[in-house]
Amino acid sequence: MAIHKSLFASLLICLLFQISHGATKERLFSDLEKGALEVTAKPSREGVLDAGIDKLSITWKLSSTATKEAEFTTIKVKLCYAPVSQVDRPWRKTENELFKDKSCPHKIITRAYDKSPQSFEYTLERDIPTGTYFVRAYAVDAKDHEVAFGQSTNEAKSTNLFSVQAISGRHKSLDIASVCFSVFSVLALLVFFVNEKRKAKIEQSK
Amino acid sequence: MGDSTGDTGSSMHGVSTDKTGKYDLPVDLEDRATVFKLFSFAKPHMRTFHLSWISFSTCFVSTFAAAPLVPIIRENLNLTKQDVGNAGVASVSGSIFSRLVMGAVCDLLGPRYGCAFLVMLSAPTVFSMSCVSGAAGFITVRFMIGFCLATFVSCQYWMSTMFTSKIIGLVNGTAAGWGNMGGGITQLLMPVVYEIIRRCGATAFTAWRIAFFVPGWLHIIMGILVLTLGQDLPGGNRKAVEKKGKVVQDKLGKIMWCAVSNYRTWIFVLLYGYSMGVELSTDNVIAEYFFDRFHLKLHTAGIIAASFGMANFFARPAGGYASDIAAKYFGMRGRLWALWIIQTAGGLFCVWLGLANTLVTAIVAMILFSLGAQAACGATFAIVPFVSRRSLGIISGLTGAGGNFGSGLTQLIFFSTSQFTTEQGLTWMGVMIVACTLPVMLIHFPQWGSMFRPPSTDPVKGTAEYYYVSEWNEEEKQKNMHQGSVAFAINAKSEDGRNAPSTITV
């Protein structure tokens, strides 16, 4: 019974945590200032880019229409999925609540905010999946809350997109090891089987 | 190897119930143990138990190894939700066929060869996972790996030849439950192995491929152990015992007919599809569900998902044990009621799981659901050995196949389309469980009754002996092929409930 009581108590505490946590108002993407930063992302070459090899030339600067500039402390630049890469993939869905949004999971760079135009040469990481992307830069305040953003594409996310081809992850050495162990398994079985049949035959002939 | 020479128990042939001396544990008329000693490895009964559940568990580990790594795999192979769902369906579909075949193999060749062959021949399929490069390859390999879940049948069959009917609920429940735990172990094991390999320097998309070598090696190790340490029957290996005249070679067609023409077989096929079937489906979707819906890290989602499968450690044996207790007081009718209550409760908790909006309620609902579904599996196989003596292997195989069929169907309807979110899918799955458990009310044994009807009072047709011996025709009875069924019927008196004799004398 003591176990039941302590389990129930811990359950109650957890529930209280949940309730209190959920009470804060969620920050929304639609509340952020649009187009506060002018962002460009230029691929190093034409066509589909290769993860781990090709680069993006990313620049960002303050837009003339920005109003919340005083709050900017850090700029977080991220790689985001274009709508075509989100189809049939609910784990990449765009959500208005910022903490739920999963459309920009890949971090490119985080830099302290500087008034002058910034740039960064980004080599596509080897864990970037195959897909179509654009770049977005969030302006974050001192409390680590997003206040504004700018992106390399238009609002409908249809222009200036680029495609990436992921690495396969396969290696010749893996393929060879895989074959070797498979063959060993089948051979070991056959050897045992034949051996046992042979012993049974010897027994029978005794 | 094993007992292919010497002692095959011919000195025990029917005369006395002397239960000590030859074996480590006391045995019944068919040399099956009457006591279950968990921490012993004694030949042949307990050693069989441990070999059996560990090799079955290994197959669960490899069949569901992909599930906790799906968040990585889906990015590497550019999978859509449909691809992931279809791979899940494929992983449980292969064994529908292989479990049927395994049933026949066990009836004809013995569970030791069946288990070892399957485990070692499916090792290459596990290793080939590291070579896939797209959705088609992923689905195909998961389909092929899934074949090895047929070790369930060899496991249950092996237990039924080694342990007596009074404790078969507990034994089958424990062996299968601990085997099913593999579905939970893998949700912990694979993310940890993946993480270690990544820390050693591999990129994400290579690390998951290397991780699959671990279940592959487990297959090879277990196959070798089963071949070197296992034996088919308490009295030795099948071929040796056949030659000494104790076990009779039966005909496949006859066994199949016996299984298929018994309506109870089909009810259990459906029932198991909604206890084991939903367990398999949940093994495939639950880690990804917690990862996506509650924004957890991969290994956190893995830990929660693991607790679903790990509950099998006590839940399934508890179900078998509950069935045995119910049988002690109410006989077979108690077993049937226990099954209905447990499985329906599991279904209701599944509905709750889909409706849960916070992490804590989801975890609580999931754990209660797992207890219900897994105990129901244990309670099912506490009854299945009594449906038929002659076709035990095939009926176990069909029931097991039903589990996988139910899983494939459920994943196809609820988890492979964009029509339902995963949480909606879980709720509807719960509703389906409750509905598909109702047919247990139709199962009636003339000698023991059913949920709502008492046993038959006919002095001839209402006996256990009549029920089991009627599986053989006159010609076969002339050849004394039915003696095993007679012995079984005597031992099955334990299902009469409180009227059962406490000791069995001949």
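Cβ coordinates come from backbone N, Cα and C, glycine included.
Remember, predicted model here, so these are calculated numbers, not experimental data.
Here TrEMBL flags B:51-73 (among others) as transmembrane segment. Cβ atoms under 8 Å from those of the transmembrane segment (B:51-73) belong to residues 79, 84, 87-88, 91-92, 95, 111, 115, 118-119, 122, 126, 129, 138, 142, 145-146, 148-149, 151-152, 154-155, 158-159, 174-176, 178-183, 185-187, 189-191, 194, 204-205, 207-208, 211-212, 215-216, 218-219, 222-223, 225-226, 229-230, 283-288, 291, 298, 301-302, 305, 309 of the same chain, restricted to positions at least 6 beyond its ends.
TrEMBL lists B:113-129 (among others) with the feature transmembrane segment. For the transmembrane segment (B:113-129), same-chain residues at least 6 beyond its ends with a Cβ under 8 Å from one of its own Cβ atoms are 51-52, 55, 58-59, 62, 65-66, 98, 102, 105-106, 141-142, 144-145, 147-148, 150-151, 153-155, 157-158, 209, 212-213, 215-216, 219-220, 222-224, 226-227, 230.
Marked as transmembrane segment by TrEMBL: B:135-155 (among others). Listed as Cβ neighbours of the transmembrane segment (B:135-155) (distance under 8 Å, sequence separation of 6 or more from its ends, same chain) are residues 52-53, 55-56, 59-60, 62-63, 65-66, 73, 77-80, 83, 86-88, 90-95, 97-99, 101-103, 105-106, 111-112, 114-115, 118-119, 122, 125-126, 128-129, 175-176, 179, 219, 393, 396-397, 400, 404.
For the transmembrane segment (B:167-190), the list of distant contacts is 34-36, 38, 49, 52-54, 56-65, 67-69, 151-152, 155-156, 159-160, 211, 214-215, 276, 279-280, 283, 286-287, 302-303, 305-321, 323-324, 327, 335, 374, 377-379, 381-382, 385: same-chain residues at least six beyond its ends, Cβ to Cβ under 8 Å. Annotation source TrEMBL lists transmembrane segment at B:167-190 (among others).
Outside the transmembrane segment (B:210-231) by six or more residues, the chain places 1-3, 43-44, 47-48, 51, 54-55, 58-59, 61-62, 65, 69, 112, 115-116, 119-120, 122-123, 126-127, 129-130, 148, 186, 189-190, 193-194, 197, 202, 237 with a CB less than 8 A from a CB of the stretch. Summarising the annotation, TrEMBL assigns transmembrane segment to B:210-231 (among others).
Sequence-remote contacts of a segment are chain residues at least 6 beyond its ends whose Cβ falls under 8 Å from one of its Cβ atoms, and for the transmembrane segment (B:294-315) they are 60, 64, 67-68, 71-72, 177-178, 180-188, 190-192, 195, 282-283, 286-288, 359, 362-363, 366-367, 370-371, 374-375, 378. Residues or ranges marked as transmembrane segment by TrEMBL: B:294-315 (among others).
As annotated by TrEMBL, transmembrane segment applies to B:336-356 (among others).
The annotation transmembrane segment is assigned in TrEMBL to B:362-387 (among others). Same-chain neighbours of the transmembrane segment (B:362-387): 156, 160, 165, 168-169, 172-173, 176-177, 180, 262, 264-265, 268, 271-272, 275-276, 278-279, 282, 286, 290, 293-294, 304, 307-309, 311-312, 315-324, 327, 332, 335-336, 338-339, 342-343, 345-350, 352-353, 356, 395-396, 399, 403, 430, 433, 437, 443, 445, 492, 495, counting only residues six or more beyond its ends whose CB sits under 8 Å from a CB of the stretch.
Per TrEMBL, transmembrane segment is recorded for B:394-414 (among others). The list of residues near the transmembrane segment (B:394-414) in space but at least 6 beyond its ends in sequence, with Cβ under 8 angstroms from a Cβ of it, reads 85, 88-89, 92-93, 95-97, 99-104, 106-107, 146, 149-150, 152-153, 156-157, 160, 255-256, 258-260, 262, 265, 268-281, 284-285, 377, 380-381, 384, 387-388, 420, 424-426, 428-429, 432, 436.
What TrEMBL lists as transmembrane segment is B:426-445 (among others).
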